[in-house]
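Taking it in order: structure first as C-alpha cells, then the write-up.
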Amino acid sequence: MSTRAEAKGVGAISSDGNLNTAHAQTSRKGFCSVRHGLALIMHLCNFSLNSQKMSLSIAIPAMVNSTAWPGPLNASTEGPSAHSQDGWNGTLRQLKAVAPLYDWSPEIQGILLSSTNYGSFLAPIPTGYIAGLFGAKYLVGVSLLLSSILALFIPLAADAGVLSLIVLRIVQGIAQVMVLTSQFSIWVKWAPPLEKSQLINIALSGGIGCACSFLWFPLAYDDPINHPFISTGEKEYIVCSLAQQDRSPGWSLPIKAMIKSLPLWGILVFYFTGFWTINILMAYIPTYISSVLQANLRDSGILSALLLGVAFISTILCGLLADFLHSRKIFRLITIRKLSTAIGVLVPSVVLVSLYWVRSSISTSMGLLALCSAATTFCQTGALINFLDIAPRYTSFLRGLSQVFGHLSGAISSTVAGFLISQDSEFGWRNVFLISVSINMSGLVFYLIFSQAKVQDWATEQTVTQL
C-alpha cells in the first residue's frame, strides 16, 4: 500500500476518533513499535547530551586537584617518604602525565560549571516556536551534532584559558537546549495519551553524540504518517488516539492569556525551583564525593556514574508507573502529576538536609545520594511534563519557555554554590543544600496549589480563533 493511501486511510479513521479497530488494538501493546524505537533513539541522543554536560563536573576534581594519588577508595593520601626525592619527582611527573592541573578557585569552578546555562535561556523560546511550526527533525539532529563537535574541543579550550572554555560551553549549552526543547514537539504527534509518560521518560533517561546525530536523520520523523517503516496498525493507533487533540499551533500565540494562567505559572515557577536542585546535583556531586567524602579521583568518577545509572533506571520505571496508574484509572492525571512532583521534592529534601550529619560515612552518604537521584526523577512524570496536559497545542513553545526558567536557575545556582563553598569550606556545603531545599520546597507548594491537568481554555481552537 502506498504512503498516500495509508495517510488517507488514517485520516478517515481519525475523523471519528474510533479506536476499536484490530490494527489499533494490536499496535497499542508491546515495546516493539516505531514509537518506542523513536524513544530509544531519542534516549541515545539525550544520553549523549547528559554525558557532555556531566563530563566537566566529573573531571574537574582531577583537573584542579594537585594532591590526589592513584589507589583504592581508602588508600592513604600520603606521598612518598621525604628521603626519596627521586620517587617524589617521579610521582609528580606521573601526576602531570595523568591530567593537567588548573589553578581554578571554587568561584571559577562554579562559573565554569554553570556556563552552559548563561546563554541557554536565549534559545528555548524561538526554538520551541520554530519546532512547533516546522518540526524538530533537523533542529535536533544539527544541534546534537554541533554540541558533540564542541565537546571534542573542551581540552583545547581549557588549555587556552578560562575565558575560552566559558565561551565554548556557552555555545555548547545553546546547542544542547535546542535539542532538549525541540524534541518535545515530536511527542505531540507520536505519543498516545496513555503512553505519554513512558515514552518521554525513556527518551529523557539519559564520543556517541556524533553517531547519534547521523542515526537521527534517517530514522526520526516529525509525524507518524510520513514514517516509511511504521506499520499501518501502529499508525492508525497513534493518529486515532490523538484525533481529539488540537495539535496545530499556527503563527499566533495567546500571550495575554498565558501570562494570566496560574497553572502555567505553577509549572514555570517549579522549573526554576526544581532545576535549582537538579543543577546543583549534576554540577557538584562529583566534587562533593571527592572533597567531602574523600574518595579518590578514580572512585569519585565510578560512584558518580553509579548515581546516574540509578537515575536512568528510576526514570524509566517512573514513566511506566505513571502510565499504569493513569491507564487503569487508579488515580486522576492531576493526582499523578502532583504526587510525582511531591515525591521528587520531599525525598531529596530530606536527603540533602541529612548529608551534613552523615558525611563521615561514605557508604551512608552514597546510599542517601542514590535515593536522592532516584526520587528526583519522579518530577519527570510530574510538573516537568505538565505543560503537555494543559496546552498540547503549544507544547514546543511552552517547553522553550519553561527551559528559560530552568537554565536561568542553573546559571544562578551553580555560581552561588561555588561562592558559598569558597567562603566556608566546613559549612559551605551545608548552606548550599539548605538553600536548595528551601527554594525547592517553595516551588512545590506553589505548584501544588495552582497546577491543573486539563486543557486550558486559551489552548483550545475556538479560543485561539477568537483571539
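Every residue, even glycine, has its Cβ placed from backbone N, Cα and C.
Caution: TrEMBL annotation is automatic and unverified by curators.
Record features (TrEMBL):
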- 129-154: transmembrane segment (TRANSMEM)
- 166-187: transmembrane segment (TRANSMEM)
- 199-221: transmembrane segment (TRANSMEM)
- 262-285: transmembrane segment (TRANSMEM)
- 263-467: domain 'Major facilitator superfamily (MFS) profile' (DOMAIN)
- 305-327: transmembrane segment (TRANSMEM)
- 339-358: transmembrane segment (TRANSMEM)
- 364-388: transmembrane segment (TRANSMEM)
- 400-421: transmembrane segment (TRANSMEM)
- 427-450: transmembrane segment (TRANSMEM)
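Remote same-chain partners of the transmembrane segment (400-421), defined as residues 6 or more beyond its termini with a Cβ less than 8 Å from a stretch Cβ, comprise 106-111, 113-114, 116-118, 120-121, 123-129, 173, 177, 180-181, 267-269, 271-277, 279-280, 283-284, 384, 387, 428-429, 431-432, 435-436. Contact count against the transmembrane segment (262-285) (Cβ pairs under 8 Å) is highest for 364-388, out of 129-154, 166-187, 305-327, 364-388. Note: the stretches the transmembrane segment (339-358) and the transmembrane segment (166-187) are not in contact (fewer than 3 CB pairs below 8 A, sequence gap of 6 or more). The listed stretches are 129-154, 166-187, 364-388; of these, 364-388 has the most Cβ pairs under 8 Å to the transmembrane segment (305-327).
Restricting the average to the domain 'Major facilitator superfamily (MFS) profile' (263-467) gives a pLDDT of 89.
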